[in-house]
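**Student:** As listed in TrEMBL for this protein:
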- 4-471: domain 'Peptidase S8/S53' (DOMAIN)
- Asp13: active site, charge relay system (ACT_SITE)
- His86: active site, charge relay system (ACT_SITE)
- 244-333: domain 'PA' (DOMAIN)
- Ser422: active site, charge relay system (ACT_SITE)
- 538-642: domain 'Subtilisin-like protease fibronectin type-III' (DOMAIN)
Amino acid sequence: SDFGSDLVIGVIDTGIWPERQSFNDRNLGPINSKWKGQCVTTNDFGSNSCNKKLIGARYFCSGYEASNGKMNETSEFRSPRDSDGHGTHTASIAAGRYVFPASTLGYAKGVAAGMAPKARLAAYKVCWDAGCYDSDILAAFDSAVADGVDVISLSVGGAVVPYYLDAIAIGAYGAAEKGIFVSASAGNGGPGGLTVTNVAPWVATIGAGTIDRDFPADVKLGNGKVVTGAGVYNGRGLSPGRMYPLVHAGSGGGDGYSSSLCLEGSLDPDFVKGKIVLCDRGINSRAAKGEVVKKAGGVGMILANGVFDGEGLVVDCHVLPATAVGASNADEIRQYIDSASKSKSSATATILFKGTRLGVRPAPVVASFSARGPNPETPEILKPDVIAPGLNILAAWPDKVGPAGIPSDNRRTEFNILSGTSMACPHVSGLAALLKAAHPDWSPAAIKSALMTTAYTVDNRGETMVDESNGNTSTVLDFGSGHVHPTKAMNPGLVYDITPMDYVNFLCNSNYTINNIQVITRRNADCSGAKRAGHVGNLNYPSFSAVFQQYGKHTMSTHFIRQVTNVGDPNSVYKVTVRPPSGTLVTVEPKQLVFRRVGQKLNFLVRVEATAVKLAPGSTNMKSGSIVWSDGKHNVTSPIVVTMQQPL
């Protein structure tokens, strides 16, 4: 982590709160002379807002104001200053300095540090009260490229559209072509399939995992049962030892649907006053539900996951004592409330906050909300690429925003605990800066390859990582190549490199017209090399994905051509180990690669044969395996996915 002081990470987000200790510049050397960026100063973002740590800050609102009219400057800053918190949080995850003591309301105590504490930061504010607009995102990308950043971190995403209609994909292509590594969040639409976003192959798409720390807050019911949950709260809490009346928000008359969700104005104060209220997740934000309960006179809240949220627990700094419970525990609480009302007794409960727990097993676990594959735009490119820590992450927070992130929260805190693939993405941005500092000659594709081929898929119990939403074993569609492993990525042995020309051939083979392709490349491109590249799956990607349509054929086959570059030792021999997806035959030729020198490139061919399986029309079947090249010192691992589709 001493690496990277010459590197600049550009964070495209909601801006930054520059006064935070995470952005202090103590003991940092002079700024690299290649830096061309600037600090745009305004009345609320003075010339002293930047320093040798935060070396650039700009804001982009033309697209926002063209759509929404002039911004309301009483509720947000026309400057790089962050009025939301999201951008301050993500920037400090990527490159926050060491700060001690750090905690949120006394939880998660310790030393706060970003992944690359010595790297420089540049903030590009593109997100405003009414969202982030494509033209502003694109302007920020181009500005970051011109300023001379080395890495771009983008915790923003939208719907998946063809790449030539996707401002993030277009902006990121321009950056990648100039040698800038771009990482982007995979999205929070999990745990359902086909939810992953930011899927362009020139972007590192990052899903979210848990860490081995949580914040238990259990619900003790009047029948003596204790139901596990998670929450943080340090204000005037519930009196110890006292049980409070417990109600389900939806059973208090009125519109049962909106009150069960604790929507604004839906709760009857006579019904909830002095009680702990069970609210269902959905529609409004989790923190807003707490505010609704508090306003109506409730003393506590239990936030219940729906079936689709599964068992994934996200903590928030609620404005009243509150805990989050998984779907099955929520059912148990509802059953208790129902049985109490049937027996004409009143349900009671309290919430027991247990503080910070470390050494949690299993970990990491794929976060329930983390968006999943397959890739809706290009099924032959496996997405997400990797996962990184994204659940209940402590990082810097602005001064003007309470930790619940809602206007009525007057508490102030230097750090806050947030969850999302937005938090996972900057972990990888910071790691990319460290890798680029260690290997200045590596391309963005080489850095991504190093992170992917060294990722792990086993948790701290030695089992394959599980899925938080249901406790089942996760698959490559959930975690891609696996969870990033920073120290191993420093020395991957071999990398799969990709040139801009390879991406053009990929776009040609994706059946994009030359006009569409030039929207992405923003200069002349031609498809003369595409035939030789073969097919989309031949992009030199560090993972393999074969998709077969079963048109009554019994066996189907395809092949992949790959080229690996030796970045390990001279005179090394790599032998291949294939773990084929079940029901498929996978052969690799040659079976060993003999490298004489560092920087040497060698090719290999992978053949995949699959046998048809019985499938209902319109359904798919996915099996995965792996291909590992090893020289006894480095293991270069790639997942291989075979998908069978039964046409309608």
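Every residue gets a Cβ built from N, Cα and C, even glycine.
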**Student:** If you count the C-beta atoms lying within 10 Å of each candidate's C-beta, which of the active-site residues Asp13, His86, Ser422 ends up with the smallest number?
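**Tutor:** Comparing Cβ neighbour counts within 10 Å for the active-site residues Asp13, His86, Ser422 gives His86.
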**Student:** Take the C-alpha atoms of His86 (active site, charge relay system) and Asp13 (active site, charge relay system) and report the distance between them in angstrom, rounded.
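**Tutor:** For His86 (active site, charge relay system) versus Asp13 (active site, charge relay system), the Cα atoms are 7 Å apart.
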**Student:** Would you mind reading off the Cα separation of Asp13 (active site, charge relay system) from Ser422 (active site, charge relay system), to the nearest angstrom?
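**Tutor:** Their Cα atoms are separated by 10 Å.
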**Student:** Compute the average pLDDT of the predicted model within the domain 'PA' (244-333).
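**Tutor:** Taking every residue in the domain 'PA' (244-333) and averaging pLDDT yields 94.
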